[in-house]
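Reading through the structure tokens given below for one structure.
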């Protein structure tokens, strides 16, 4: 298809050429004949074939797109804070088994630990067991080192020492020792909600529209954020975290789809990369807030106070022009296109209404066109279309594995600073800080080198750096540099994957395909807290091996995907199936 970026220039040249002829023949330059107008109209119509063309005619990278980008991307700040809040609200302060009633004037805590607490293989005091002992008149008479008593029970509770936290979810409900498996459930439940939200809101955005879906999920996000801090028991905490998780992808992913569908292909890569800057800013701001607010309920409420701002941004968001066209909403799409042209300072042809009807009819017809796979003839749902279309199915599979790897590595490194031997506040701040150059690097590379080499290369580089960390002392400066660099590359791909996915999937089921892929990725997010807390307890290197392997596998699969740079955004399954992998 001819590039429409030069449409106006060609039209102007045509007008000038015709007026030059009229001038030579003594015609009036101040008027335009009906024949001239009809010639220009036909010239434009032959160029307008799809929604991309209409968007270019109205301006596909102007002021209107900038406003939609700013409003749509702002939600990332709040979503990021809630996604990483687990790092600072869940972990417990140092704790030990309570000691027998002894005379505190005779024994210091250090002496009691040395006498009554066993040591693990690393010569550290055991946190969940103690030696049996006999006490008389506040004095320890005997210690039975062959008899080990378990704590965090009704008879032997644990005692917490002052540390970096005042109170956390773990300390409030004593989720330690035999109850430690409940602590990862705090984040896992949130991620299960994100998984459910990815599916539900992905389907809703395709069915009811991007803007309406953002409105529902924004309301949920603002409502449940403070309720988490007001939880009266552990069950209500899990329920509120689950509901908050449902809302998160409805806000963030749907806003991303709206932004991508509103911008032309030549600026889509830049917009997709910079979209995550507010998300990174939230990641960077969170450890600063958490450093000063050490009590988990106050921290949750402080972070929740930022969420009502999203309602203001939603109020000014518009619907996706592509979605309106695909759904046959000609009047609404024409009104929106005219608004885009007005804001961008573009002049539309007189027969613009006919052009919109033409494109809407063509896209509605192509939506139901028979593909090379005849089984699509009777498919009426997104599920059937996905099952019976091999090219699209393969793309969804590859992107699902990519989402899974990103979830494992991105969240795994983020919530595992203590296993890695790092300070959680500084490490979180550095990871958030270096996400911004990662997004800038991605933005500068993908329009030069393409999506595919950057996507695959970042995965391989990330996995390699994770495995290289085994050659350095745990917690050393070099170790920190490698993991921050690995986080930089994986965060670059976490930015790029939404753009790449949006360009690989067709408009008619883009939200659904993106939701399915993201859903698979969320299973990795659900597993991460268990990998970090429980697998990491066996040995601190096990999670690192899992994360590094996932990145390398995803990088290999990414090499099988097509390049999408400067390609038309596919609107139907037919267009996807007509392309080779």
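From the backbone N, Cα and C atoms, a Cβ is placed for every residue, glycine too.
According to TrEMBL, the feature domain 'Major facilitator superfamily (MFS) profile' maps to 138-566.
The region 'Disordered' annotation in TrEMBL covers 16-36.
Taken from TrEMBL, the feature transmembrane segment applies to 66-89 (among others). Below 8 angstroms of C-beta separation, residues 165, 168-169, 186-187, 190, 218, 221, 225, 244, 248, 251-252, 255-256, 258-259, 262-263, 271, 274-283, 285-287, 290, 296, 299-300, 303, 306-307, 309-310, 313-314, 316-318, 343, 411, 414-415, 417, 424, 428, 529 of the same chain, each at least six residues beyond the ends of the transmembrane segment (66-89), sit close to that stretch.
When Cβ-Cβ distances below 8 Å are used as the criterion, the transmembrane segment (181-205) is approached by residues 82, 86, 89-90, 169-170, 173, 175, 212-213, 216-217, 234, 237-238, 241-250, 253-254, 257, 382, 415, 511-512, 514-516, 518-519, 522-523, 525-530, 532-534 of the same chain, each at least six residues removed from its ends. Taken from TrEMBL, the feature transmembrane segment applies to 181-205 (among others).
Residues 75, 78-79, 82, 197, 201, 204-205, 240-241, 243-244, 246-251, 254-255, 258, 296-298, 300-301, 303-304, 307-308, 310-311, 314, 317 of the same chain sit 6 or more residues outside the transmembrane segment (212-232) yet have a Cβ under 8 Å from a Cβ within it. Residues or ranges marked as transmembrane segment in TrEMBL: 212-232 (among others).
Positions annotated as transmembrane segment by TrEMBL: 238-260 (among others).
Annotation source TrEMBL lists transmembrane segment at 272-293 (among others).
The feature transmembrane segment is assigned by TrEMBL to 394-413 (among others).
The transmembrane segment feature in TrEMBL is assigned to 425-446 (among others). The list of residues near the transmembrane segment (425-446) in space but at least 6 beyond its ends in sequence, with Cβ under 8 angstroms from a Cβ of it, reads 84, 87, 269-270, 273-274, 276-277, 279-288, 290-291, 413-414, 417, 454, 458, 480, 483-485, 487-489, 491-492, 495-496, 499, 565.
Taken from TrEMBL, the feature transmembrane segment applies to 453-474 (among others).
Sequence annotations record features per position, and here TrEMBL assigns transmembrane segment to 480-500 (among others). Here the transmembrane segment (480-500) has Cβ contacts under 8 Å with residues 253, 256, 260, 268-269, 272-273, 275-276, 280, 399, 402-403, 406, 409-410, 413-414, 420, 422, 427, 430-431, 434-435, 437-439, 441-442, 446, 451, 454-455, 458-459, 461-462, 465-466, 468-469, 472, 514, 551, 561, 564 of the same chain, all six or more residues outside its ends.
According to TrEMBL, the transmembrane segment annotation covers 512-532 (among others).
Annotation comment: TrEMBL describes 544-561 (among others) as transmembrane segment.
The transmembrane segment (238-260) makes contact with the transmembrane segment (512-532), as judged by at least three Cβ pairs under 8 Å among residues 6 or more apart in sequence. Remote same-chain partners of the transmembrane segment (394-413), defined as residues 6 or more beyond its termini with a Cβ less than 8 Å from a stretch Cβ, comprise 83, 386, 420, 431, 455, 459, 462, 466, 483, 486-487, 490-491, 493-494, 497, 500-501, 504-505, 513, 516-525, 527-528, 531-532, 543, 546-548, 550-551, 553-554, 557-558, 560-561, 576, 581.
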